[in-house]
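K.L.:
Take a look at what TrEMBL says about it:
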DOMAIN    B:130-429  domain 'NADH:quinone oxidoreductase/Mrp antiporter transmembrane'
TRANSMEM  B:12-30  transmembrane segment
TRANSMEM  B:42-62  transmembrane segment
TRANSMEM  B:82-101  transmembrane segment
TRANSMEM  B:113-128  transmembrane segment
TRANSMEM  B:134-153  transmembrane segment
TRANSMEM  B:165-188  transmembrane segment
TRANSMEM  B:250-272  transmembrane segment
TRANSMEM  B:292-309  transmembrane segment
TRANSMEM  B:318-339  transmembrane segment
TRANSMEM  B:345-365  transmembrane segment
TRANSMEM  B:386-405  transmembrane segment
TRANSMEM  B:462-483  transmembrane segment
């Protein structure tokens, strides 16, 4: 058992545990904290795969930006802090069964999977390569993504903004 | 890459995309700097002009050979050309509908309403003309996110809020599933270029790989079925269609669905038709999995048509009817006949015409009575005979009665189910049976229009844009119903989309 394998097991365990805790905890803030554990351990998995740039982005965007925005959302809105679990036991059992079946189907597929030889040059200037690819071959999807972000921005503003009349009444 | 190499590509073939992008940008700027109390309706006409100009520029590109830019991240082939024509037609009609859209509480963000349609259209266009997983996905998301916002634009209307939230959650889950499937495809091949993926997978003989690839196929198909609103992944559709502003509902049920079929054909056919199913020299994976697509099609037709029977709300009824129509198109996909692309294209054209016509009339009638119950159509023939006749044409076409485009579309799909070997008798039988079931609810509206007494004696004002939409759609429905060869001559120049994978 190599060190890499042990590290992967630990990270995967934390990621899964974070996800499960997020689903089962009842307080919103606790859920966010559980989610952070998942995000950070996935960043760790990226490092194991020699994708340092993606790992850094994962930490910055997910563990940083998204978590902070969630916390802002919790702070700034009126909400009931406690959620209660819904759904009948039968429904839960069916969901569990479906999840297990899907897990089993995927596991059967990937257990003996042989990908041929491993790529050798993984560590060579990752960030630079991503940058070069983005600004040459993938410049069309890149520009399209900026339109997408603009649309998301406009949407966020008009959906969340207080209308003038409403603001005036307060 | 040097600037010169970048400039060597024929960027001219992206003209329609550039026009739409430019018009959307200009609109957003105009909207920003326009005084608040100004009437924003002219912006819709500007957007409409943009769509028409883009359509003209696309038509001028029809004779251009297959052109690909930057490793297929953008490609203009006959598939892209044909389906972009449909998308532009839908975009133009939806802008005409939204020109006169006026909800009870008023529309606060009219400028955004117009240019978000354009960005959604841009996303759909990129899905139609790309041979790369990344561009396909970004296009899909651009379309989806624009539509999430459009659905939620009526902020003061509780139903709209509910439907927007439902749409964003179920859409997000669907996206995740699609992406998970795509990640397997990418993981096996190490490339996002669909052509290279197809070539690489063509040589796959490892059974373990094929198992996981089949898994990837199901994940992608399920994820994309949400976009098509195919059963059993249709749950969001009725609620979202009911809550959304009527032009947005029309957009979702036609343009968004067309885009969904575009990406399904583009991705699944080109990738999975190349993989041998078991060992080398066996039939392709797509053929061996076609029973599952057929199952999806059958469930969609049955559920859509039977649940539509008990709907009183016309918008909900049209939502279930649109689910049923997705099922018919899926039949064409499931049979994988040689004429699949032509049948799908023609059906989507017929569907576009009849559905937009029906939504245009529904929009005015329901705005007048402030209700979407089927009773609002009572005595429409006495109040405005022309519109009642037009609505009758659309309903007949939706039901698939001879003489209308809907009939020709259905016959094409139906015949396609028989030309393949082995023929799909069960699927064809289900299609016939469910079509007969659909007569019941379509003729329910009929009865209201022609035989029920008038409840609301007020005269209906028909805005000019709506009249144009109804006239174009009614004319097209009859024209392609009587002379389908016009559409087939148009398709003929593409030679059964043989350059799909070149």
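Cβ atoms here come from the backbone N, Cα and C positions, even for glycine.
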K.L.:
Using Cβ atoms and a strict cutoff of less than 8 Å, what residues sit near the transmembrane segment (B:292-309) while being 6 or more residues removed from its termini?
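P.N.:
Residues 218, 221, 225, 230-232, 234, 317, 320-328, 330-331, 333-335, 424, 426-427, 430-431, 434-435, 437-438, 440-441 contact the transmembrane segment (B:292-309) from elsewhere in the chain.
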K.L.:
Which residues of the chain, 6 or more past the ends of the transmembrane segment (B:12-30), have a CB below 8 A from one of its CBs?
P.N.:
43, 46-47, 49-51, 53-55, 57-58, 61, 64, 67, 69, 74, 76, 84, 88, 111-112, 114-115, 118-119, 121-122, 125-126, 129
K.L.:
Looking only at the recorded stretches B:82-101, B:345-365, B:462-483, which one has the largest tally of CB-CB distances under 8 Å to the transmembrane segment (B:250-272)?
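P.N.:
Going through each listed stretch, the top one turns out to be B:82-101.
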K.L.:
Among the recorded stretches B:113-128, B:165-188, B:345-365, which has the greatest number of Cβ pairs closer than 8 Å to the transmembrane segment (B:386-405)?
P.N.:
B:345-365
K.L.:
Take a look at B:42-62, B:82-101, B:113-128, B:165-188 and tell me which one has the most Cβ pairs under 8 Å to the transmembrane segment (B:462-483).
P.N.:
B:82-101
K.L.:
I'd like to know if the transmembrane segment (B:165-188) touches the transmembrane segment (B:113-128) in this structure, counting it as a touch only when three or more C-beta pairs sit under 8 Å and are separated by 6 or more positions.
P.N.:
no
